[in-house]
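**Student:** Below you will find the structure I want to go over with you.
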Amino acid sequence: MFSILKKIFGTANDRTIKKLFSDIAKINSLEPAIQKLSDEELKNKTVEFKKKLKNGATLDDIAYEAFAVVREASRRVYGMRHFDVQLIGGLVLHRGMITEMRTGEGKTLVATLPAYLNALAEKGVHVVTVNDYLVSRDSASMGKIYNFLGLSVGCIVAGMTDEAKREAYNSDITYATNNELGFDYLRDNMKYSLQERVLRPFNFAIIDEVDSILIDEARTPLVISGPVNDNSELYGKVDKLVRMLNVSDFEKDEKLKTINLTESGISHVESLLSQADIIKPNSGLYDFENLSLVHYVNQALRAHNMFMIDVDYLVRDGKVMIIDEFTGRVMEGRRYSEGLHQALEAKENVKIQNENQTLASITFQNYFRNYPKLSGMTGTAMTEAPELKDIYNLDVVAVPTHNKVTRRDLDDEIYGSKKEKYDAILKLIKDCYDRGQPVLVGTVSIEKSEEISNVLNKNKIPHKVLNAKFHEQEAFIIAQAGRFKAVTIATNMAGRGTDIMLGGNPEMLIEQIDRKSLTNAAYKEKVNEIKAQTAEEKKQVIAAGGLFVIGTERHESRRIDNQLRGRSGRQGDPGNTKFFLSLDDDLMRIFASERISGVLRTLGLKDGEAIHHPMISRSLEKAQQKVEGHNYEIRKNLLRFDDVMNDQRKIIYEQRTEIIKSKDSYDFLSSTTEELAKKIVLTFMPAGSYREDWDIENLSVELHRTFAIKLDQNLISKNDVTEEEVTKIVIQTADSIYKSKEEAYSPDLMHNAVKYILLTTLDQVWKDHLHSLDHLRQGISLRAYAQKDPLSEYKREAFNLFEHMLNNLKELFIQTVYHFHIDLKHIQKEDISLENKKLQNNMHESREDPAFSKYNAGSNLETDLRPVISRINPEDRDPKNPTSWGKVSRNELCPCGSGKKYKYCHGLNE
């Protein structure tokens, strides 16, 4: 019934496309007039559009003409005229939606249309992609079109200076990776002046490979972190003990990816820990004093039993490097959190890096939701359309191809074992190779790609391997995968963003020529030779059937399978795709084994035989849908929790910006002084209480600790004195202390000093707050056992922690302001600035990367704004000797190593 209605009325997507074609007719009607313009007149259209916008026109008012201008500029610069379907893709992007366009349909060129149009508003446009290679390539190639029309183009890649980044972000259109954008946002919110920031306010972003960024990478946060206590020795000891455990000592659930000790396992671990003198004899793993060890044991168990080398990570240059499960690429600089990375380093016997404490973090989900207008493009988005709508409020429009797809997607073949599957794959590759048909073999991990490579080596079939170990050659290898007799093994979707052209990519082959060693004539001859060779090979490859894509197993996500299929059949080229499966494959074994095994037993599968059955295909699709649904729920749940932190982060970042912008910090100082003075006085002199109930001694101590005030005992001895009068005197005395500092150091110097103290204190308490939230998140799921909703509990406690953080901020800020002094012998007035470059230069960022310790970075202000009681470098403190600790902040972890805050440990009686 539903299918009949679809045939009559069409799908919602069909109706959207039909409406868009009427818009395209309007753009096409402008083309003859635009073509008659000279180059200079075409460039002046940009100036004309900007004037219209300033006079009240909207982007939609000029959209059709702007698109026609870009199309003509592209034709003149590159000889490439946007197809009608590319104009549709551009309109979809301009209207803040996601466009699904097949591989080879020219998404890079499509982005020029909305990028140019939206850049006319002079608020900046970000074109986002997944790696530095694509950023450099696309900004250089498409930049010629923008430059022709008088717009500037910037390019952001790793390793650039702040000055270079600022210039790039101030361009009309900026190409950047998602990682660099996210880290620049976090870094900007750790800067000490607006002039030092590199980003402009958020405006419009176009995300290439949008599914990879907004879905595949949504669970991993961007993190700027700093080192905490060194526990590398303990990770090493626990790792040795975990290696001695038996299979019966733990239970693992591959579906949920969890692992837990059994009762016998706990006893075994306790025995091993006792023998190693890590815990006392006869004490238990879950005894209070040993609870911290549970974390180390659990992470070591996960490292040894849930994470595999060359599948989840690899070891390169003595470092454990994470492999992206969706792309097969190495995730440079990223580290697993919560000690898992250290456990993997212990497992692989490489140097164990310190654990990190989060200083700033954000997920891509929340970063990209900062843009008032967001759009994206990819070859595969329809399967994830509900999630993109639900989380990002982005609709997906599938744009028809310019040429009809002639690729044939063949039925899956299912075998009883991996060996039988590999034999069948080998047979097909041999057949294709003998006929000259290029083959792309897609695998789900480095381990699998190397297994296939070994099979081909044994059978003397030449081939290229593309996986995380050969990331540098990625674009070139994948671009030449369509050559005659080429056999390429690729991990998942490595090489996305680079087209596979039948016969080879002549441009990339030309780039390999050593031009310096050739004369101009010889170079031209070589170029013509390459072009002729690739053209001839293209004819041979088409005759052989085009690119044959072989999938070695189904991925957890149907979208990834579709991406692999989409490698073949670009722009109407011929091609074939086929998946080979076995009962040993992870997806089959974990999610669909019982059902499918029953079918195979019924059908009587014999060794070496393949089977095709609709029920098996349906079971596989259901298994994939089940996993997709599970992963979606994880991402959705992550967002619910992250939204709590995101709301708090927005408040802190907005406050931080206001502090930096403020011309006078005295108002905040004055109001906070008044608030704390009232609070302290009422604590020790409660309103309406009797004089004998007043705690004058501790009031004096607290006022001196907070405001550096010595309380006049004669004042308190007056019979008629009230708490209001004492409060008033405290406020006046504190104000006079501040005014005397202004006279001694100058108002400007004091203003900058107070502002700096406020910013550094805010950064410190925010860092501690993030640490507290991390701990809260780790254990909050256990509240479900008490019939409580973990999310509601997290929201409630996170709010309480946030209030506590704000109170700490006020106390620490006031204490520092009233106690510090400036050594004018070592500082000039012009040295008091908030730029603090040394601090910024010591920042490092990662997806859990070792970073910096803020108070070790050093700056003019840090060395010369000395508190009355100096602070000792934490590394120089002896845990057993409190006299070596110097001044310890009440909210710092106690130097004794107890894990408690100082005010609840050795500072309890201060």
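Glycine residues also receive a Cβ, built from the backbone N, Cα and C atoms like all the rest.
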**Student:** Need a hand: Swiss-Prot gives Gln86, Gly104, Glu105, Gly106, Lys107, Thr108 for ATP, which of Asp499, Asp514, Asp561 is also on that list?
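**Tutor:** That ATP site, as Swiss-Prot gives it, pairs Gln86, Gly104, Glu105, Gly106, Lys107, Thr108 with Asp499.
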**Student:** Highest Cβ count within 10 Å among the binding-site residues Glu105, Asp499: which residue is it?
**Tutor:** Glu105
**Student:** Using the alpha carbons only, what distance in Å do you get between Glu105 (ATP binding site) and Cys896 (Zn(2+) binding site) once rounded?
**Tutor:** 63
**Student:** Whose Cβ, among the binding-site residues Cys894, Cys905, has more other Cβ atoms within 10 Å than any of the rest?
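**Tutor:** Top count of Cβ atoms within 10 Å goes to Cys894.
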**Student:** Between the Cα atoms of Lys107 (ATP binding site) and Cys894 (Zn(2+) binding site), what distance do you get, rounded to the nearest Å?
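**Tutor:** Between the Cα atoms of Lys107 (ATP binding site) and Cys894 (Zn(2+) binding site), the distance comes to 56 Å.
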**Student:** By CA distance, which of the binding-site residues (Gln86, Gly104, Gly106, Thr108, Asp499) lies nearest to Cys894 (Zn(2+) binding site)?
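**Tutor:** Of the binding-site residues Gln86, Gly104, Gly106, Thr108, Asp499, Thr108 has its Cα closest to that of Cys894 (Zn(2+) binding site).
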**Student:** Could you measure between His906 (Zn(2+) binding site) and Gly106 (ATP binding site) for me? Cα positions, answer in whole angstrom.
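**Tutor:** The separation of the Cα atoms works out to 66 Å.
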**Student:** Other than Gln86, Gly104, Glu105, Gly106, Lys107, Thr108, Asp499, which residues of the same chain sit close to ATP? List them in sequence order, counting a residue when its Cβ is within 8 Å of the Cβ centroid of the site.
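**Tutor:** Surrounding the site, in chain order, are Met101, Thr103, Leu109, Val110.
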**Student:** Counting only other Cβ atoms and using a 10 Å cut-off, which of the binding-site residues Lys107, His906 scores lowest?
**Tutor:** His906
**Student:** Determine, to the nearest whole angstrom, how far the Cα atom of Gly104 (ATP binding site) is from the Cα atom of Cys896 (Zn(2+) binding site).
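**Tutor:** Here the two Cα atoms are 62 Å apart.
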